[in-house]
Amino acid sequence: MHTTQHDTVVVLDFGAQYSQLIARRVREQGVYSLIVPYTISAQELRKMAPVGIIFSGGPASVSTEDSPRPDAGIYGLGIPVLGICYGLQVMSVMNGGTVRRPDAREYGFAHLHLNHFTGKTSRLLAGIPEGSQLWMSHGDSVVDLPTGFVTTGSTPNCPVTVAENEARRLYGVQFHPEVVHSTDGTAVLRNFVMDICGAKADWSMESFIATEVERIRSVVGDRKVLCGLSGGVDSSVAAVLIHKAIGDQLVCVFVNNGMLRKNEAQNVVDLFGKHFNMRLEYVDAETAFLDALKGIAEPEAKRKIIGKMFVDVFYDAARSLGDISFLAQGTLYPDVIESRSPSGGPSATIKSHHNVGGLPDDLKWELLEPLKELFKDEVRQLGMELGLAEELVNRHPFPGPGLGVRCIGEVTKERLDTLREVDAIFVEEIRRAGLYGDIWQALACLLPVKSVGVQGDERTYREVCSLRAVTSQDAMTADWYRFPPEVLQTTASRICNEVAGVNRVLYDITSKPPGTIEWE
Ligand SMILES: Nc1ncnc2c1ncn2[C@@H]1O[C@H](COP(=O)(O)OP(=O)(O)OP(=O)(O)O)[C@@H](O)[C@H]1O
Ligand SMILES: O=c1[nH]c(=O)c2[nH+]cn([C@@H]3O[C@H](COP(=O)(O)O)[C@@H](O)[C@H]3O)c2[nH]1
Ligand SMILES: NC(=O)CC[C@H](N)C(=O)O
Ligand SMILES: [Mg+2]
């Protein structure tokens, strides 16, 4: 379990949609926060010595037999606890209160009524105005609070919206302070974290660099690290951070898998070779990857082959690099959290994200993942702090399997070349319109479909491409980007004019869910 010198707020995850958001909101206050499964014992928590504990919401109902319960010892640790939604409900029933499922459920907006009570002021609601907009999502409600608790806020449908037991340092809210639709939610969390828990705001990327550099040095010692470098944000930031710690004990391997964007290979080699002073091995494995993918159209099969090829190429490269002990990756916190569900149960595999290969179980190196407790926006901040160019730091994410999962159907060199041109025009037009920064990710796919067109009075029968641009916070959900029509118009006509082989352009207006961001 992670221990840190920073004041820490621990979020117990009861399976909420928003656990990550809670941790983010706390970190935005400059206070370190991490998420643990709700099954953690009071003793383990005591060892972590957090300044505060937050119970997340969750899909279960406390009235069911097997609903998740935290260790009851947590209430006696003397550490302030804030329960959110399910967190409030479970804290109430475990301390002698009652929760019921009334007829009127509450999903969406509500307005807070402050219950002023004699002689005391609510610490949780300090500075929050009467009528403040709240966002609710619950079927159950607390109807009787345990002894010692008072209700400091309510809504017409929910008498116990905010509950506090000052003496035992137990607090709860039925609404979701972590979502932006709760207008004063951040202020409520700040009251909890800063005032009630008395946390020091000492979490910054600057402090992170110092601690992490030390940690990497002590873990790695005099051994060697291989970092798969893609030129994307995560692996670049990871590489620069590790390089800062261990210098030339780090070797970066950049693989041209034949599925990179136009000019990408050259750009990455130039940028890292010239500016970063790191050891960079460039491996041209285009032929090997494309040979391995010959005749394969099924998306998961493609992903698995690409993943395996990556690891093979790394092993191969390592032969001439001396004794490698670690494989470094740019794994982020959401990757870690998503891969473990609170109940420990399996969740559906939507697609095998390759993260260097859907790594084999018997990987012969240890993993070094210095970003695994950071969110993407923190990684970007860290990159800036480490002196990476803004243009690199703010790049759109690009998946490891690259254009391979955007060439729908079989992947061939010819189709990849076509797609590279389409993709380059799309990104160029987005940049020209000044929209790159507004869009979370933009991509083009080549479809395994031909359509009839008329170009220069001649009949054409050519391939179809689709363009997709999305807005998102963390890639878990996404919405399609509303382009000014002129941008789509220019892009579409340039594609049909300049890319031989394509005579039709579609724009994808599917949100996630139901669509994923990539097509495969
Ligand atoms: N062409 C490549 N050569 C070497 N390693 C790669 C390549 N593509 C991906 N990887 C490895 O796979 C990991 C996962 O890729 P992913 O695309 O998630 O991250 P990234 O490229 O570092 O950042 P971003 O999400 O911003 O694109 C990378 O961190 C890197 O270690
Ligand atoms: O490194 C990666 N390896 C992969 O195999 C992979 N597949 C998808 N992505 C990226 O992840 C985000 C979510 O993608 P989906 O909505 O398509 O699942 C989007 O940003 C995708 O581009 C990948 N990144
Ligand atoms: N968002 C939540 O935490 C919901 C809690 C509980 N499942 C309810 O419906 O009341
Ligand atoms: Mg990438």
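Each Cβ is built from the backbone N, Cα and C atoms, and glycine gets one as well.
Here is what TrEMBL says about this protein:
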ACT_SITE  Cys85  active site, nucleophile
ACT_SITE  His176  active site
ACT_SITE  Glu178  active site
DOMAIN    203-395  domain 'GMPS ATP-PPase'
BINDING   Ser230, Gly231, Gly232, Val233, Asp234, Ser235, Ser236  ATP binding site
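On the structure: features taken from TrEMBL.
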| residue | record | DSSP class |
| --- | --- | --- |
| Cys85 | active site, nucleophile | coil |
| His176 | active site | coil |
| Ser230 | ATP binding site | coil |
| Ser235 | ATP binding site | helix |
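Each residue contributes its Cα atom, and for Gly232 (ATP binding site) and Glu178 (active site) these two points are 29 Å apart. Most Cβ neighbours within 10 Å, among the recorded positions Glu178, Asp234: Glu178 holds that distinction in the structure as shown. In the structure shown, the C-beta of Ser236 has more C-beta neighbours within 10 angstroms than that of any other entry among the binding-site residues Ser230, Ser235, Ser236.
Shown in sequence order, Phe254, Glu264, Asn267, Val268, Leu271, Phe272, Leu392 are the residues of the chain, 6+ apart in sequence, with a C-beta less than 8 angstroms from the C-beta of Gly231 (ATP binding site). Taking a Cβ cut-off of under 6 Å from any atom of ligand 1, the recorded positions His176, Glu178, Gly232, Asp234 reduce to Gly232, Asp234. Listed recorded positions: Cys85, Ser230, Gly232, Asp234, Ser235, Ser236. Those with a CB atom under 6 Å from ligand 2: none. Across all of the domain 'GMPS ATP-PPase' (203-395), the predicted model scores a mean pLDDT of 89. Neighbour count (other Cβ atoms within 10 Å of the Cβ, all protein chains): 17 for Gly232 (ATP binding site). Using Cα positions, the member of the recorded positions Cys85, Ser230, Asp234, Ser235, Ser236 nearest to His176 (active site) is identified as Cys85. You'll find the Cα of Ser230 (ATP binding site) roughly 41 Å from the Cα of the residue listed as 'active site, nucleophile'.
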